[in-house]
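The structure appears below as structure tokens.
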């Protein structure tokens, strides 16, 4: 029965992807019906803010993005620092420590939601609502705006206006869908209140303080926007965030909704729907392989316990919630790292070595399917590399969407693709070379190495999940992961926007018999191979020293 539920869940992922992709294309490219519904409200916003809506160059678009996001980071930083004297603080929580406030503000603006604090006792309701939830809408709206400009550039059109795209992402996508999802979560038992904690009497007569808050509205945008941060420290393992299997499936659907839709949006906007389908199917195969790997490992159980003759038919249940079980915990772990959300319904630090390797690889690739917007930019980056390599092998100038890929584009892509591993491995080496980093490690040996690398991988990929055995709420970890999140977020977005702007100016080369097609199975296979060879092999030495070595040791 459990496998039937898994198949149905995956079919739902597939069935909603195309309709959502069509809706996104209409939402951003203009639709009379949508303009009639949302237009008056958007015009009011533009009038108040003074947005003119003129087309921007890629530099103007990028500058608008950085300035708006930077302003939001500063505002939210001071909210966190001053929450102790601000209203909506029934628990009388004090202001955040400076480096933690720095880390948290960047974390949520970068759509990472790395949390070095426990939500229920680290933030006031005001900080949760005005600080955290606000950024949970603003961060994915930023990247969705960027990806629309990126696709327009690839299609040879004007990039558009950042502020118009940002507003449309909020009004036409995130606000309406999150509102509906929040109502469903309330119906499923997720609390939504501004009241303080309630005191309950336990079975043995003791008194217990049960924390609550505006959780349903928080969870809906947490999953839809691929944010992933928890209202509670336990994240989606907490029964108030994720009461049962229905809420669990809904959360996974929300996480996958936009990342799986974007290939179809792309196909429609560039006039090659088949290429969008090829990208979707290719990535789903990689996703499926990851799920099968982690599930097989977790169901097989802990090799040490197996060697002792201890029977555990449910597999490795350490760190997992009984109400979800091993299979759905494995699926959730695959989804949350494939969609770069970072929400967890099981503790990733307790996964088996190979089970923990799958989320780690998903984040290292940062492209299966990746988070809202940013992940799709990486997908096209790998697609262009696949075309470039194929062109070199046959001695032909590579073309993508009928436009020649030349030195300028490949230099930008080369720098972008190297920057991701440089952040992860460079900062991991720094942490391992100083006691400021190693003192946080709770496990010696191979697993300790994986804890460190996982933290920086999660930060660079804007995921936010963690091997929570790491004691990371220290100035060193707060500052270094904050820098990695910021650089990992904005560097690739800006460089790939420059690539799109460069391709926009090029004339379309007529298709000939020798043109390498990017809308068939051959390209899909080369695309997957490029992701594995260029992406995964970059990190292979580290994977051997970490989870693979731990697996062989346990064996």
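Backbone N, Cα and C atoms are what each Cβ position is placed from, and that goes for glycine too.
The transmembrane segment annotation in Swiss-Prot covers 2-22 (among others). Beyond the ends of the transmembrane segment (2-22), by six or more residues, the same chain brings 245, 249, 252-253, 256-258, 260-265, 267-268, 276, 280, 284, 288, 325, 327-328, 331 to within a C-beta distance below 8 angstroms of the stretch.
Beyond the ends of the transmembrane segment (60-80), by six or more residues, the same chain brings 86, 95-96, 100-102, 104-106, 108-109, 123, 126-127, 130-131, 134-135, 138, 142, 145-146, 149, 159-163, 166, 490, 493-494, 497-498 to within a C-beta distance below 8 angstroms of the stretch. Per Swiss-Prot, the feature transmembrane segment maps to 60-80 (among others); the stated evidence is sequence analysis.
Per Swiss-Prot, the feature transmembrane segment maps to 130-150 (among others); the stated evidence is sequence analysis. Under 8 Å from some Cβ of the transmembrane segment (130-150) lie the Cβ atoms of residues 24, 28, 58, 61, 65, 68-69, 72, 76, 79-80, 105, 108-111, 113, 123, 159-160, 162, 165-166, 168-170, 173-175, 178, 214, 217-218, 221-222, 224-227, 229, 258, 262, 371-374, 376-377, 380, 493, 496-497, 500, all in the same chain and six or more residues away from its ends.
Panel annotation: around the transmembrane segment (173-193), residues 24, 27, 137, 140-141, 144, 212-217, 219-221, 223-225, 240-244, 246-247, 250, 254, 257-258 of the same chain, lying at least six beyond its termini, place a Cβ under 8 Å from a Cβ of the stretch. Positions annotated as transmembrane segment by Swiss-Prot: 173-193 (among others).
Annotation source Swiss-Prot lists transmembrane segment at 246-266 (among others), citing sequence analysis. Residues 5, 9, 12-14, 16-18, 20-25, 140, 144, 147, 151, 154, 173, 177, 181, 184-185, 188-190, 219-220, 223-224, 226, 236, 273, 275-277, 279-280, 283-284, 324, 328, 331-332, 335-336, 338-341, 343, 345, 369-373, 375-376, 379-380 of the same chain sit 6 or more residues outside the transmembrane segment (246-266) yet have a Cβ under 8 Å from a Cβ within it.
Taken from Swiss-Prot, the feature transmembrane segment covers 278-298 (among others), and the record attributes it to sequence analysis.
The transmembrane segment annotation in Swiss-Prot covers 374-394 (among others) and rests on sequence analysis. Same-chain residues lying 6+ beyond the ends of the transmembrane segment (374-394) with a Cβ under 8 Å from its Cβ atoms: 111, 143, 146-147, 150, 154, 259, 262-263, 266, 279, 283, 339-340, 366-367, 400, 405, 409-410, 413, 416-417, 462, 489, 492-493, 496, 499, 516, 518, 523, 526-527, 529-531, 534-535.
Residues annotated as transmembrane segment in Swiss-Prot: 412-432 (among others).
According to Swiss-Prot, the feature transmembrane segment maps to 483-503 (among others), an assignment based on sequence analysis. Residues 57-58, 61-62, 65-66, 69, 106-107, 110-112, 114, 143, 146, 149-154, 156, 159, 374, 377-378, 380-381, 384, 400-401, 403, 408-409, 412-413, 415-416, 419-420, 423-424, 427, 456, 459-462 of the same chain sit 6 or more residues outside the transmembrane segment (483-503) yet have a Cβ under 8 Å from a Cβ within it.
Beyond the ends of the transmembrane segment (525-545), by six or more residues, the same chain brings 278-279, 282, 285-286, 357, 360-361, 364-368, 382-383, 385-386, 389-390, 417, 421, 424-425, 428, 446, 449, 453 to within a C-beta distance below 8 angstroms of the stretch. What Swiss-Prot records for 525-545 (among others) is transmembrane segment, and it gives sequence analysis as the kind of evidence.
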